[in-house]
Amino acid sequence: MISPLEKAGILVEALPYIKKFSGKTIVIKYGGHAMLNADLKKAVMTDLVLMKFVGINPVVVHGGGPEITGMLHRLGIESQFVSGLRVTDAPTMEVVEMVLGKLNKEIVALINGLGGRSVGLSGKDANLIMANKKYSNDCQDIGFVGEVTGVNPQLLQTVIQEGYIPVVSPVGISTEGETYNINADTVASAIATALKADKLIILTDVEGILEDRQDKGTLISTVKMEDIPRLIERGVIQGGMIPKVECCMQAIQTGVATTHILDGRVPHSILLEVFTDKGIGTMVVSD
């Protein structure tokens, strides 16, 4: 049980960060186990509502990979991946858009239920996320998979100015009107850049970047961009962590102040990063 004095200490510690980030925009990529566990869902939504109440402007971009795979399985559609990207034919794209739409409204309802004000958006709304067709690394056609070509920040700014928390599903649209499934990390990075966000936070299912993946005590709390190629070469950064780090680097190179990879399995991980001296996870910074 935390004593009253300890509670007071927590509030005092948070005060300078509330002052620092008041009026600033923080983009959060919401995904992984934090989307599957009911208690973690509530913790994340509570964090977002609290941030808004103290003057910070959170913007949420959510994933939905496990839920999409589950729905495809129930419909008898096999999930296929090439270079980590979901092969998305026309029937799969319909399922992707349906599942992401359902998840989007569930997130909005949770935020509203906790006293916040939230609006759900698809990347297709007001051409929020413009996209072109993306091919795999070996130039295979993987269907309706897209890459971001542009973001309409005015829509998000209007929603934010009216006091709402935007929740964005990672679906984009081309100039020809084609709908594309886009990696949520990439969308979050592009939105952070377009909004000139102060922070980009990516929630994952790992503690952050570890020197030794078997030892949680080897967490790298801060990593400079100039060190990332060496860490990839050594195998410290590998697999699914590589594209997340690349999204962080892209955001920093295009004007986002700091980027963070956090363990979404930790309750209130966002608040721990934003409002405490120590923070958690790995912060990726410029050279």
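The chain as shown is numbered from 1 upward.
Just so it is clear, glycine is given a Cβ too, placed from its N, Cα and C backbone atoms.
Annotation for Lys29 (site 'Transition state stabilizer'): same-chain Cβ neighbours under 8 Å, separated by at least 6 residues, are Val61, His62, Gly63, Ala184, Asp185, Val187, Ala188, Leu200, Ile201, Ile202, Leu203. Per Swiss-Prot, the feature site 'Transition state stabilizer' maps to Lys29 (among others); the stated evidence is sequence analysis.
For the recorded site, Gly64 (substrate binding site), the DSSP three-state label reads coil. Every protein chain considered, the tally of other Cβ atoms within 10 Å of the Cβ of Gly64 (substrate binding site) stands at 23. Per Swiss-Prot, the feature substrate binding site maps to Gly64, Gly65, Arg86, Asn181; the stated evidence is sequence analysis.
The feature site 'Transition state stabilizer' is assigned by Swiss-Prot to Lys244 (among others). For Lys244 (site 'Transition state stabilizer'), the Cβ neighbour count at a 10 Å cut-off comes to 25, with all displayed protein chains included. According to DSSP, Lys244 (site 'Transition state stabilizer') sits within a helical segment.
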Largest CA-to-CA spread of substrate binders Gly64, Gly65, Arg86, Asn181, angstrom: 12
Residues flanking the substrate site, with Cβ no more than 8 Å from the Cβ centroid of Gly64, Gly65, Arg86, Asn181 and excluding those residues themselves: Gly63, Ile68, Thr69, Thr88, Val96, Leu100, Pro170, Ala184
Rounded distance in angstrom between the Cα atoms of Gly64 (substrate binding site) and Lys244 (site 'Transition state stabilizer'): 16
